[in-house]
Amino acid sequence: MKEATLQSRPSQQFNVIRRVYQQDALNKDADYQVPEKPLGYRCKRVVQNCGFGDCLLNSLPIARWLPRYNMKKDLVGDLVAGATTAVMHIPQGMAYAMLAEVPPIVGLYMAFFPVLIYVIFGTSPHVSMGTFAVACLMAGKVVSQHSSHSELVNAVNVTTSEGPPFLTGGYSPVEILSVLSLTIGLMQVIMWMMRLGAVSTLLSEPLVSGFTTAASFHVLTSQLKDLFGVKLPKLGSNYKVIFTAIEIVKSIPNANWIAFAISAITCTIIALNNEVLKPRISKISRVPVPIELMAIVFGTLASKFGNLKELYGVSLVGTIPTGLPEPKVPAIEMIPTIALDAFTITMVTYTISMSMALIFATKEKYEVDANQELLALGASNMFGSFFGCAPLCASLSRSYIQYQAGSKTCLTSVVSASLILCVLLWVGPLFELLPRCVLASIIVVSLKGMFMQVKELAKFWNLSKLDAIVWLVTFSITLLIDIDIGLGAGLLASVATLFCRSQKPYTCLLGRVLDTDLYLDIKRYRAAEEISGIKIFHYCGGLNFATKNLFRVTLFRKIGYFKQQQADDESNLAKSESLEWDSSISNKVQCVIIDATALSYVDAPGIKSLVAAQKELVTNDITVLLAGANGPVLEMIERYNSLESEQLQLDTFPTVHDAVVYYKMLEAKKDTSITIQT
């Protein structure tokens, strides 16, 4: 009954009585002033806000959360999540290290050394840092281009300070990977110092989706040789997916069918677990079945007792050293050579890691510092580079598992790294007999999530055709040509879409809703009616050197300054010189009000276009008024007028309604004076 009463109440009405304001009068009554921040004031604020204690807490987040750690509330979740993540780190680390063209043990180093540094500097407790397929694939491309004898990578003992004899005179894969990680770390630290955390926004969602989807096909083709047990010739970087597929087809008669059978069985079992068993297990336990680890264990046992290497020629992982590697200074002289590749990987890894961190931050309602994440990733990569680690990146699959397993703080990563340390010290050699096709199978099945991103194309197409074009351009060029070229093409396509959107701002004519001060688009609201003799032009966007001509032509077209037969010719929008002027415009329109409430920015060329448009209309006895401009726009106009001889002399008003009432008052005064004179 109460609800029905509330619904039956009439809407509340307010009658506001105030004077008609011009902008200058409002500024005076409201005591408007331009905010001033002198250099001395800003320096003082920096010193106050960056005391030693604050800097320490901001740069070392562990100093903020560790003293407040709640053992009873968080410890169990961190222990369970840490153990679960470690179980996933082992197979994924070993498998993804193969993508980087380095020994599988390097993947386990990545789950230990850089992760501990991220715990100190990182701000996201839920992301799982370590190996990631796309990052390792991009690193592997650099390694294969600049290292010597990368095909003998399995024979390299990464714990030695000196490379084997056959690598003298060149750089080993681990050495190239080390200097790559160091370069990426340096770039990220420099970006942190320059406060460039927002740079991740340069890679839009359609771009990242199309890029990672195409990169997953590169990952797939790179594993086909191990799935089929064949050897392929070294191929160029461009068109690698196509050439690899052709070489695989040629090599099928020489395939190792035992390796292929093991691959098929492993892929089938892991896929069945992920699609059938995992959803059911997740309802009764937050700890998933460690199917990848089980595949490694059973694959190793099958290799040992079946003599797969000796009897059937199945390729094995090879030597896995025990203990921790000795730190070694990377080959710094290689930094200029790989700098461009390092920058590309820097952008990709940072964007993916930040995207994952923001997803969990939104779910758990905490803040992630984008600049601090740059420091965390940079410090982690620099530290890991001394131990031959690949570039660090958040893993999508591990992060979701870690979150679902109950991770509460960054202590989860400490637990995971501790278990990985046990594997490095004692368990590693047990996996020397593991067939490489098992690791390849783990990689291929894990790509399902990225393959399914193809479905996002339909979403982007329905939301925005331009976003869909960015996705298609990035995906096609990355897939068909190369990863680096595809990423560059995607960036260019994103910039092009921004330009296209800036060239098509939302414009309309406004009409007044009867007996209100509301002015709405007359094409969208049938109750909005134009006021006789007044055209109210609404412009949404920025008015700058790129849009000045578009603004002027659109304004004239909307108010009817061009003849009617050409008013609907959209193809001539930018060709104002080919349009015919309507000299009778002043008989229909006496006032043009430019609604600048949605004008976000204006520069000097934009103001010049306003000056030109005003002059053109004033010569035809049409009054021009400006309404709703924000403070920065008005301040820019004032600065322009103080510097230029041709000034913009417009009456400005805080709202459209003020401008309309003001003009009607002027017209009423004119009519009164004419009557008196008569």
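Glycine residues also receive a Cβ, built from the backbone N, Cα and C atoms like all the rest.
The transmembrane segment annotation in TrEMBL covers 98-121 (among others). Within its own chain, the transmembrane segment (98-121) has Cβ neighbours under 8 Å at 59-62, 86, 89-90, 92, 129-131, 133, 136-137, 139-140, 143-144, 147, 150, 153-154, 156, 158, 173-174, 177, 219, 222-223, 226, 317-321, 325, 372, 375-377, 379-381, 383-384, 387-390, 392, 410-411, 413-414, 416-417, 420-421, 423-424, 428, 431, 436, 439-440, 443, counting only residues six or more beyond its boundaries.
TrEMBL lists 176-194 (among others) with the feature transmembrane segment.
Taken from TrEMBL, the feature transmembrane segment covers 206-224 (among others).
Residues or ranges marked as transmembrane segment by TrEMBL: 257-277 (among others).
Sequence annotations record features per position, and here TrEMBL assigns transmembrane segment to 338-362 (among others). The list of residues near the transmembrane segment (338-362) in space but at least 6 beyond its ends in sequence, with Cβ under 8 angstroms from a Cβ of it, reads 123-124, 126-127, 129, 132, 134-135, 138-139, 141-142, 146, 176, 179-180, 183-184, 187-188, 191, 199-200, 202-203, 208, 211-212, 368, 370, 373-374, 377, 391-394, 396, 399, 403, 484, 487.
Listed as Cβ neighbours of the transmembrane segment (374-397) (distance under 8 Å, sequence separation of 6 or more from its ends, same chain) are residues 59, 88, 92, 96-97, 100, 102, 106-107, 109-110, 113-115, 117-118, 120-123, 127-132, 134-136, 138-139, 158, 174-175, 177-182, 184-192, 196-197, 324-325, 327-330, 345, 348-350, 352-353, 356-357, 446, 449. As annotated by TrEMBL, transmembrane segment applies to 374-397 (among others).
Sequence annotations record features per position, and here TrEMBL assigns transmembrane segment to 409-427 (among others).
According to TrEMBL, the transmembrane segment annotation covers 472-499 (among others).
Among the features that TrEMBL reports, domain 'STAS' is placed at 524-663.
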Other same-chain positions with a Cβ less than 8 Å from the transmembrane segment (472-499) and lying at least 6 residues past its termini are 137-138, 141, 202-204, 206-207, 210-211, 213-215, 217-218, 237-242, 341, 344, 347-348, 457, 466, 546
Averaging the pLDDT values of the domain 'STAS' (524-663) gives 83
